Amino acid sequence: MSKFLLQSHSANACLLTLLLTLASNLDISLANFEHSCNGYMRPHPRGLCGEDLHVIISNLCSSLGGNRRFLAKYMVKRDTENVNDKLRGILLNKKEAFSYLTKREASGSITCECCFNQCRIFELAQYCRLPDHFFSRISRTGRSNSGHAQLEDNFS
């Protein structure tokens with residue numbers, strides 16, 4: 001009987017070791033999908049920035065049947081003529097002026113995900129306003145499907 005308990009204890013220890021190893025690897029693989037940025041980063045060599053990012057998002061969203069979340073109708077051109085008159089009396093040397101500036105954190109933004117890092121197609125699609133049925137749990141083929149898999153199906 002004690003031999004059986006010893007084997008059972010050994011098997012449980014091996015199983016626990018295996019589960020802990022798998023759990024630690026899962027944590028590492030999930031962390032690869034999280035992007036973080038700071039103000040000192042340079043754009044990724046294969047990142048999408050500026051006008052290129054805008055064009056890709058526009059084309060992707062329209063091909064998926066959705067709209068961009070950041071709509072141009074909410075953008076307003078600012079009137080800067082009167083600003084110059086108010087600031088005319090304030091003069092700073094370059095060093096003093098730059099001392100008031102700090103680098104912006106771009107964490108969690110489309111710029112962080114796609115310009116400073118290399119983003120994937122499903123990360124780009126998160127910035128589209130997609131139809132409700134797009135991320136349904138059951139696809140047209142009847143199999144269980146996540147939004148990522150359905151997105152890949154749409155481009156296949």
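Start at 1 and count along the chain as shown; that gives each residue its number.
Using N, Cα and C of the backbone, Cβ positions are placed for all residues, glycine too.
When Swiss-Prot is consulted, the disulfide partner of CYS128, picked from CYS14, CYS37, CYS49, CYS61, turns out to be CYS61. GLU152 is the residue among GLU81, GLU152 that Swiss-Prot describes as 4-carboxyglutamate.
Shown are the disulfide-bonded residues CYS37, CYS49, CYS112; of these, the residue with the fewest other Cβ atoms within 10 Å is CYS49. For CYS112 (disulfide bond), the spatially nearest entry among the disulfide-bonded residues CYS37, CYS49, CYS61, CYS128 is CYS37, judged by CA separation. Taking the disulfide-bonded residues CYS61, CYS115 in turn, the residue surrounded by the fewest other Cβ atoms inside 10 Å of its Cβ turns out to be CYS61. A sphere of 10 angstroms centred on the C-beta of CYS119 (disulfide bond) encloses 22 other C-beta atoms.
Using CYS49 (disulfide bond) as the reference Cα, a 10 A cut-off selects none from the disulfide-bonded residues CYS37, CYS61, CYS128.
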